[in-house]
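Undergrad: Pasting in a structure now, in structure tokens, and then I'll have a few things to ask.
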Ligand code: GDP
């Protein structure tokens with residue numbers, strides 16, 4: 001009998017406290033023993049390649065990982081998402097592999113742009129969200145204002161589960177609204193050390209609590225699991241108010257692995273045969289080796305080491321002899337894994353983001369989107385004899401989801417597309433260090449890209465024939481229309497109603 005799974009991610013705007021909260025969750029879950037280990041390990045890892053130097057210089061994390069811990073008989077898989085907005089596409093894809101999310105909001109700032117974007121992805125897939133309003137040990141905005149903002153901006157019912165008794169200098173603790181018990185700050189650091197009491201509240205806070213309970217929807221587990229309501233916890237990751245409650249909330253309310261959208265039919269975690277999909281591919285940190293790790297979310301069946309899985313649609317069965325399960329301390333070789341678990345599969349580039357792997361050959365998971373790039377650049381090769389290496393490099397990085405690549409129908413200037421500026425730096429740096437190709441990025445005559453399709457192939461042909469100078473193929477050979485502006489996309493779309501212009505493409 002396997003233990004229940006909770007596979008989740010933390011979404012937030014940079015600086016809201018995701019790293020701090022991650023660390024505390026792992027600590028409460030017993031996966032690490034000293035606060036500070038997550039960052040310290042990250043720093044060690046960072047020294048390894050030039051790519052990592054970019055992280056170091058900019059002080060951000062572009063790698064993502066999976067951390068597994070157990071508590072009260074439940075296995076938690078926490079999928080870390082790169083927090084920087086430049087890596088949003090990678091982050092988005094990770095969200096396709098979770099069953100729920102914790103949204104961290106800075107109490108002084110409220111909903112920030114990145115939080116909102118990530119939330120929209122969760123909504124697209126009906127991923128339920130638990131909200132954590134962080135940093136109540138500091139001056140923040142009034143809790144009512146924050147709750148109303150969440151409700152308005154995200155169009156969700158909000159249900160406060162606890163209440164901050166003051167913030168900043170006035171912070172006296174957090175009251176659990178169900179039990180009326182107050183967790184108190186202690187000592188000079190004003191950290192939570194376990195003291196809980198039911199002392200009466202001053203009039204002001206008694207009134208606030210009364211208003212909070214009267215003014216918002218009571219918690220409803222079904223509404224939460226449908227993505228219509230978010231329970232809200234106030235706390236401080238830094239001072240240990242909240243992490244334990246969040247774990248309990250995930251255990252009690254967050255959904256176990258759900259059926260996954262697939263063709264010809266959704267796949268239920270109870271289905272006997274092993275199926276899964278690749279949501280991320282990461283190059284080995286060692287630039288001498290071209291090995292890659294494909295991160296697969298297991299959707300059904302019991303995976304056993306050595307099992308043969310077939311990538312749907314391309315390739316022969318591959319035997320997975322050295323699967324990797326990710327624990328916070330270290331990677332461990334997995335012998336068995338269950339629906340909801342993430343497995344790292346070492347390979348030499350055969351596996352791509354979006355691939356379905358299964359024991360049966362006829363299933364294909366859907367809904368792993370490619371996003372329209374927001375920045376396009378032309379790649380200018382400094383040494384023309386390196387064309388082959390450049391193509392390989394661009395294909396490899398497209399496969400990892402670092403960049404997208406477009407091969408124009410006319411001319412030989414390949415175009416790459418990214419969601420954020422940092423990816424451009426990563427691209428140039430990796431071209432030089434890993435592929436020994438010197439290249440420069442030049443402005444492209446285009447600003448955005450759309451995948452085009454039509455129900456009737458003749459309509460698509462008529463469109464592409466007349467717009468050949470703006471047509472390209474993505475790395476899988478799909479037709480892409482390159483436009484000078486979003487306005488042009490709208491203009492052209494009006495003139496060709498039979499053609500669909502998609503800003504995302506499902507693989
Ligand atoms: P991330 O960018 O979302 O991963 O944010 P971090 O976890 O790195 O936190 C950003 C900054 O906020 C750091 O200086 C943290 O020490 C600080 N921080 C995080 N949580 C809290 C909190 O609960 N209270 C206070 N006062 N500071 C916090």
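Just so you know, glycine gets a Cβ as well, placed from its N, Cα and C.
Note: TrEMBL annotation is automatic and uncurated.
Copying in the features that TrEMBL gives for the protein in this structure:
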type	residues	note
BINDING	12-19, 80-84, 134-137	GTP binding site
DOMAIN	3-258	domain 'Tr-type G'
Undergrad: I'd like to know which of the binding-site residues listed (12, 15, 136) lie near ligand 1, counting only a CB under 6 Å away.
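TA: Near ligand 1, sequence order: 12, 15.
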Undergrad: Note down the number of other Cβ atoms within 10 Å of the Cβ of residue 18 (GTP binding site), including every protein chain shown.
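TA: There are 24 of them.
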Undergrad: Tell me, how many other CB atoms lie within 10 A of the CB of residue 136 (GTP binding site), whichever protein chain they belong to?
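TA: Total other Cβ atoms inside 10 Å, all chains included: 27.
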Undergrad: Where does residue 18 (GTP binding site) sit by DSSP, helix, strand or coil?
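TA: Assignment for residue 18 (GTP binding site) reads helix.
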Undergrad: Taking the domain 'Tr-type G' (3-258) alone, what is its mean pLDDT?
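TA: Computed over the domain 'Tr-type G' (3-258), the mean pLDDT is 85 on the 0 to 100 scale.
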Undergrad: For residue 81 (GTP binding site), list the number of other Cβ atoms lying within 10 Å of its Cβ atom.
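TA: Total other Cβ atoms inside 10 Å, all chains included: 26.
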Undergrad: For each of 12, 15, count the other CB atoms within 10 A of its CB; which of these binding-site residues has the top count?
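TA: Selected residue: 12.
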